[in-house]
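The following features are taken from TrEMBL:
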| type | residues | note |
| --- | --- | --- |
| REGION | 188-208 | region 'Disordered' |
| TRANSMEM | 6-27 | transmembrane segment |
| TRANSMEM | 39-59 | transmembrane segment |
| TRANSMEM | 79-98 | transmembrane segment |
| TRANSMEM | 118-141 | transmembrane segment |
| TRANSMEM | 161-184 | transmembrane segment |
Amino acid sequence: MANSGLQILGFSLGLLGVIGLIVGTILPQWKMSAYVGDNIITAIAMYEGLWMSCAFQSTGQIQCKVYDSILQLNSALQATRALMVVSIIVSLAGLGAACMGMKCTTCGGDDKTRKSRIAMVGGVIILIGALCAIVACSWYAHDIIQAFYNPFTPVNTKYEFGAAIFIAWAGAFLTVVGGAMLAASCPRGKSTPKYPISRPPSSTKEYV
């Protein structure tokens, strides 16, 4: 029963994590304009995401523009795009495999040991997807930090972390925890007894 509860909790956390990854990937607030230096313009806030850049005006108007060409983007943005998409696809595949192996479902057969192993494999797949998301977010964050502290970067083009990257990080963390719970839900194999097994005496009689 405890094993089944661990699987349900791990699947729920993994599902919440995947939702966080999807939301973080779609939102354009991966980095926002940093208000540093003497010339601070607060009327317009610039945001850049994986798919578009947006300008938020103080009047409430929002203007967004999708990136025209993939080849014009820097390597960090292209890698983050690819890794986040791969992370979502792999995590969803892991959730599907884990759903087949959970004890509370009947789509994986009646063999409880085999179902638990399927759930464990699903948890490992989810962990791989979460690792891709962590690498993507860390790579993008490193690019923001490197550009921020670069003395040759103009002051009005410096950016800092936006809300979307924190949502993606939180989703990756929940996915790691959920995948680890599913991977740890596989029961241990039954240990073989160390003492010799007693056998009934033979019914055959020896004749001299």
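Glycine is no exception: its Cβ is also placed from the backbone N, Cα and C atoms.
Computed from a predicted structure; not experimentally measured.
Most Cβ pairs under 8 A with the transmembrane segment (6-27) among the ranges 79-98, 118-141, 161-184 are made by 161-184. Cβ atoms under 8 Å from those of the transmembrane segment (161-184) belong to residues 6-7, 9-25, 27-32, 47-49, 84, 87, 91, 94, 98, 119-120, 122-127, 129-131, 133-134, 136-137, 140-141, 144 of the same chain, restricted to positions at least 6 beyond its ends.
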